[in-house]
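Enquirer: Marked as topological domain 'Cytoplasmic' by Swiss-Prot: 1-18, 74-85, 163-180, 236-248, 299-324. Residues or ranges marked as transmembrane segment in Swiss-Prot (evidence: sequence analysis): 19-39, 53-73, 86-106, 142-162, 181-201, 215-235, 249-271, 276-298. According to Swiss-Prot, the feature topological domain 'Lumenal' maps to 40-52, 107-141, 202-214, 272-275, an assignment based on similarity to another entry.
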Amino acid sequence: MSVEDGGVPGLGRPRKARWTLMLLLSTAMYGAHAPLLALCHVDGRVPFRPSSAVLLTELTKLLLCALSLLVGWQAWPQGTPPWRQAAPFALSALLYGANNNLVIYLQRYMDPSTYQVLSNLKIGSTALFYCLCLRHRLSARQGLALLLLMAAGACYAAGGLQDPGTTLPGPPSAAATSPMPLHITPLGLLLLILYCLISGLSSVYTELLMKRQRLPLALQNLFLYSFGVLLNLGLHAGGGPGPGLLEGFSGWMALVVLSQALNGLLMSAVMKHGSSITRLFVVSCSLVVNAVLSAALLRLQLTAAFFLATLLIGLAVRLYYGSR
């Protein structure tokens with residue numbers, strides 16, 4: 001099974017074990033993100049600017065990449081540094097930045113539950129760009145696996161967790177603010193489609209870029225996160241008056257920033273040595289971690305929809321990565 005098909009890079013057991021451990025760590029960090037953010041709340045709200053968290057996360061990624069090159073964890077390319085190859089990463093940073101900001105604006109035109117369910121369409125858009133841009137064909141089994149993955153995400157978003165104090169299943173945020181009627185405006189639908197397309201394009205474009213360039217991963221990340229820091233610094237500065245960069249931060253928030261930075265680096269390795277499809281499975285499997293941590297830390301109840309979503313994810317993994 002090749003890397004492009006979603007297989008494990010390399011045949012040796014040590015490398016396979018490292019790859020598996022990396023995917024498990026990434027899944028755990030993805031799943032822990034929302035529960036850790038919930039633990040940061042003070043009086044029911046986030047005490048810091050979201051742009052501050054994003055900027056500090058990008059800055060942490062940049063510093064870790066620079067450190068890995070300086071101490072020799074990854075070799076610096078011989079000869080003149082290929083700075084011209086940095087330019088294409090500006091588009092990656094722009095796509096990721098647009099995607100992150102669209103998430104915020106989408107909440108104005110639809111309720112959280114509708115967003116959580118319909119945003120799973122980005123799985124389909126990623127698969128579409130994966131086939132068009134990377135010229136990989138998905139088998140019928142793989143296509144069915146991705147459909148099951150979309151269904152699992154929608155099922156979990158619609159009712160995987162429930163606040164014991166309410167009778168309305170759904171995402172914790174939706175349950176806590178109920179009753180909010182399900183709704184989406186025409187503009188919201190257009191923005192959601194745009195969000196899903198940009199999400200798929202950004203993932204596949206970055207994968208294509210990282211695989212075509214014969215540069216160390218740390219140097220490619222250095223290019224990507226340099227543009228990311230500049231972009232998010234501009235967004236933070238242009239966001240108007242508000243809390244300072246470090247105002248409202250706590251130990252929990254520092255853990256969120258560090259875990260997201262490390263997860264970003266792990267995902268870049270998946271994009272270079274694995275595929276965008278592998279990333280989709282990591283994100284989907286993280287729903288299980290998210291639910292278990294939410295139940296343990298936030299005292300939310302798991303519902304039948306959670307177990308159905310878990311079953312669908314397991315079937316999807318078996319179909320996509322199982323023997324053909």
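Residue numbers in this text run from 1 along the chain shown.
Using N, Cα and C of the backbone, Cβ positions are placed for all residues, glycine too.
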Enquirer: Select the range from 86-106, 181-201, 215-235, 276-298 that forms the most Cβ-Cβ pairs under 8 Å with the transmembrane segment (53-73).
Expert: 215-235
Enquirer: Select the range from 19-39, 181-201, 215-235, 276-298 that forms the most Cβ-Cβ pairs under 8 Å with the transmembrane segment (86-106).
Expert: 215-235
Enquirer: Summarise the topological domain 'Lumenal' (40-52) as counts of helix, strand and coil residues per DSSP.
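Expert: The topological domain 'Lumenal' (40-52) comes out at 3 helix, 2 strand, 8 coil.
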Enquirer: Report the DSSP secondary-structure composition of the topological domain 'Cytoplasmic' (299-324) as helix, strand and coil residue counts.
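Expert: Here the numbers are 18 helix, 2 strand, 6 coil.
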Enquirer: Is the topological domain 'Lumenal' (40-52) packed against any residues at least 6 beyond its ends, judged by a Cβ distance under 8 Å, and which are they?
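Expert: Long-range Cβ neighbours of the topological domain 'Lumenal' (40-52): 104, 232, 235-236, 239, 242-250, 252-253, 256.
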Enquirer: Give residue numbers and ranges for long-range contacts of the topological domain 'Lumenal' (202-214): same chain, 6 or more residues beyond its ends, CB-CB under 8 A.
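Expert: For the topological domain 'Lumenal' (202-214), the sequence-distant neighbours (Cβ-Cβ under 8 Å, at least 6 residues beyond its ends) are 85, 88-89, 91-92, 95-96, 99, 126, 129-130, 133-134, 220, 224, 268, 271-272, 275-276, 279.
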Enquirer: Based on DSSP, tally up the residues of the topological domain 'Lumenal' (202-214) by helix, strand and coil.
Expert: 11 helix, 0 strand, 2 coil
